[in-house]
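The transmembrane segment annotation in TrEMBL covers 20-47, 59-78, 98-119, 139-157, 196-218, 239-260, 272-291. Annotation comment: TrEMBL describes 40-289 as domain 'G-protein coupled receptors family 1 profile'.
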Amino acid sequence: SMNNKTSTTEFILLGFSSKLALQLFLFSLFSVLYSATLMGNALVFLLICIDCRLHSPMYFFLCHLSIVDICYATNNVPHMLRNLLGQGRTISFAGCGIQIHLYLIFALTECVLLAVMSYDRYVAICHPLRYVFIMNRRVCLTLVSVSWAFGFVFGTLQASLALHLPFCCPCEVDHFFCEILAVLKLACADTTANKVLIFVVCVCFLIFPLALILISYLRILATILRVHSVAGWHKTFSTCGSHLAVVGLFYGNGVFMYMGPGSGDSSGTAKALSLFYSLVSPTLNPLIYSLRNKQVKEALLKLLRSRRVF
């Protein structure tokens, strides 16, 4: 009602269950996953920076993916851990706005970056002789810049439109962080424009990149099938299969959360899917894309040997 409209100064994050035993279990589990996310992605970033053999387009993109994953997890998880310990259920309006803004920037940037990485693999496998010329330094810098720019522009647009709404008290966000759909539920105004914008952004950043990724991998598959090498088939299918599994979960969860029927209505499902983006995906990405790679393993062994010398 109009009487419940106030100048909002803070939100209350309801988080997960109020049962102490479950909260302690979740705190332990999420702390381990968050630590693995930070260490895994930081290790990938370090190895790519210090080893000249990893200064190639593929690892350049992986370096930026590691940065996105570290920033994305750090934006959401620390406050969630404080929430689980009962020390941080409230968040200021400004803090909530920053969470929404950064959450959107990093999520949208990763959507574009994954498509860029699939294009890089397509060129490397389907046009190996022209790879160096197609994926030159200028092209790589342009693709990464576009990924970050698109994420920033559209993330800022959505966050600004959402945060200019009036909100009804009590401002209780049924989530573990300020997720945009959970916050929009508290608005005391028509949110049709916000939801239309979210849908349009989802088409541009989920459906379109996913289609490009699938086309790239289909072309890769067609190329590999023309190679009469069982070992080559096995290696490529193993690598591409793991990549597609992660990509499928990433985009599939996004489509279900923001474009599915009744999107944003099931708080339990929304929290579970958001956990995938906040913890599971950032933990899996360095394992799937980098640490299983032979060159990265060799760089890691080289780093460990050099530390033993000193």
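Heads up, the Cβ atoms here are built off N, Cα and C, so glycines get one too.
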- Query: Are there residues at least 6 beyond the ends of the transmembrane segment (239-260) whose Cβ is under 8 Å from a Cβ of it, and what are they?
  - Reply: 107, 110-111, 114, 118, 121, 181, 198-199, 202-203, 206-207, 209-210, 213, 217, 220-221, 270, 273-274, 276-277, 281, 284-285, 288-289, 292
- Same-chain residues at least 6 beyond the ends of the transmembrane segment (20-47) whose Cβ lies under 8 Å from its Cβ atoms: 54, 62-63, 66-67, 69-70, 73-74, 77-78, 80-81, 84-86, 279-280, 282-283, 285-287, 290-291, 296, 299-300, 303
- One stretch in 59-78, 98-119, 139-157 has more Cβ pairs under 8 Å to the transmembrane segment (196-218) than the rest, namely 98-119
- Query: Mean pLDDT over the domain 'G-protein coupled receptors family 1 profile' (40-289): what is the value?
  - Reply: 87
- Note on the structure: Long-range Cβ contacts under 8 Å made by the transmembrane segment (139-157), restricted to residues 6 or more beyond its ends, are 57, 60-61, 64, 101-113, 116, 119, 197, 201, 204-205
